[in-house]
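As written in TrEMBL, here are the features:
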type    : residues             : note
BINDING : C85, D87, H138, C141 : Zn(2+) binding site
Amino acid sequence: MIERQHRRPFAFVVIFVLIVLANSGTAEESPKSQGELLTADQALAQLEQGNRRCVQGKSTHGHDVEKWRERFLLKQKPFATVLGCSDSRVAPELLFDQGFGELFVVRVAGNIVDPNVVGSIQYAVEHLDNKLIVVLGHQNCGAVTAALAPPDQTKDEPPELRKLLDQIRPAIDSVDRKQERKQRVEANARASVKQLLEVPSIAKAMKEKHVKVVGAVYHIDSGEIMFLDD
């Protein structure tokens, strides 16, 4: 009788461990991580779900680095492209709860569009067959804040930095000065989306490959990512 009582808890422990392992295996081997091609809408849904997990503190990734290295040693197959800011607080893989090899990420201060950015995104569309491009701005963006200053106040900055700020100014200058700073961040993200839509190869991919380009803003205070309307 005593022996049976000891066996019962042990059996429960074994069952619990098997369930946990089964669930963790499912998370690691999701279709997107195996390289299954997703439509733009499916990719967007994956990102929205991932951000909800991030906000709730329910990440499905154990970040098994060794396993991911083996899986993606010879090739990559990300399911979406993200153009984001270089800000250290805005890491797309973490904010969208994605693992190594699942996002093609291009980062530059102010999430601006320049020839190098365009070339990187063209590569993702043409050679990685990505259907979704997300331009991710964020709350309290230092580049947007700096661009609010008149050009004569930034004249002592390095020429490359001044050029970057000059590229941001037209978008945020179109916003009423009385509006909150978040409107300027949104305007800057929308401007980058517009610039990408004007790239002939991307416009062609939208028509022929059903590629989508969407804007979004990450709210640092809540962790939520808001996707912008067209």
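Heads up, the Cβ atoms here are built off N, Cα and C, so glycines get one too.
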**Study point:** Nonlocal neighbours by CB distance (under 8 Å) for H138 (Zn(2+) binding site), same chain, sequence gap 6 or more
**Key:** G84, C85, D87, R89, V90, V185, V217, Y218, H219, I220
Revision key, fill the gap. Around the Cβ of C85 (Zn(2+) binding site), other Cβ atoms found within 10 Å total 26
Review point. When you average the Cβ positions of C85, D87, H138, C141 for the Zn(2+) site, which other residues in that chain have a Cβ within 8 Å of that mean position?
Key: G84, S86, R89, V90, A109, G110, N111, G137, Q139, N140, G142, A143, V144, V185, Y218
Study note, to complete from the structure: Cβ atoms other than its own within 10 Å of the Cβ of D87 (Zn(2+) binding site), all chains, total 20
Review point. So what sits near C141 (Zn(2+) binding site) in its own chain, CB-to-CB under 8 Å and at least six residues off in sequence?
Key: C85, D87, G110, V185, N188
Practice item. Reduce the DSSP letter at H138 (Zn(2+) binding site) to three states and note it down. Key: strand
